[in-house]
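Below is one structure, written out as structure tokens; the observations come after it.
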Amino acid sequence: MANERTFSILKPDATRRNITGAVNAVIEAAGLRIVGQRRIRMTREQAEKFYEVHKERPFFGELVEFMTSGPVVVQVLEGENAVAKYREVMGATNPAQAADGTIRKQFAESVGENTVHGSDSADNARLEIAQFFNEADIAA
């Protein structure tokens, strides 16, 4: 597989518990490079746009509230087969079902506060990266 980029968010539960360094260590140990990273406070508008695909789902309001409840760390990750690799490293959405050694198994508190977001496809990664970064922000 080719070298590619994916998008990651370390969610408010990770920043609140001061575990972003530990999560980054897992990401880097998996062979992914963090080539762009910023700590931001996501606005309601940013969260609603980012999670627009879930707008009709019953958890949408709670998700937006959670994602705006504290700082997040937005990241661009790069590596071979980065999208699939990061999804594997994150683990299942429900931490109780996540494999040992994954970020969610190690750090997530619940399905709702599951520490990280990662793009589900290369196309979505490009769209998600563009919402928070421009090429000048990425040091490959």
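Note: Cβ is positioned from N, Cα and C throughout, glycine not excepted.
What you are looking at is a predicted structure, and each value in this text was computed from that prediction instead of being measured.
Here is what Swiss-Prot says about this protein:
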{"type": "ACT_SITE", "residues": "His117", "note": "active site, pros-phosphohistidine intermediate"}
{"type": "BINDING", "residues": "Lys11, Phe59, Arg87, Thr93, Arg104, Asn114", "note": "ATP binding site"}
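When secondary structure is read from DSSP and collapsed to three states, His117 (active site, pros-phosphohistidine intermediate) falls in the strand class. Of all the recorded positions given, namely Lys11, Arg87, Arg104, His117, the one with the smallest number of surrounding CB atoms inside 10 A is Arg87. In the three-state DSSP scheme, Arg104 (ATP binding site) is classed as helix. Of the listed binding-site residues Thr93, Asn114, the Cβ environment within 10 Å is emptiest of other Cβ atoms at Thr93. When the alpha carbons of Arg104 (ATP binding site) and the residue listed as 'active site, pros-phosphohistidine intermediate' are compared, the span between them is 10 angstrom. Here the C-alpha separation of the residue listed as 'active site, pros-phosphohistidine intermediate' and Lys11 (ATP binding site) works out to 7 Å. Of all the Cβ atoms in the protein chains shown, 12 others lie within 10 Å of the Cβ of Phe59 (ATP binding site).
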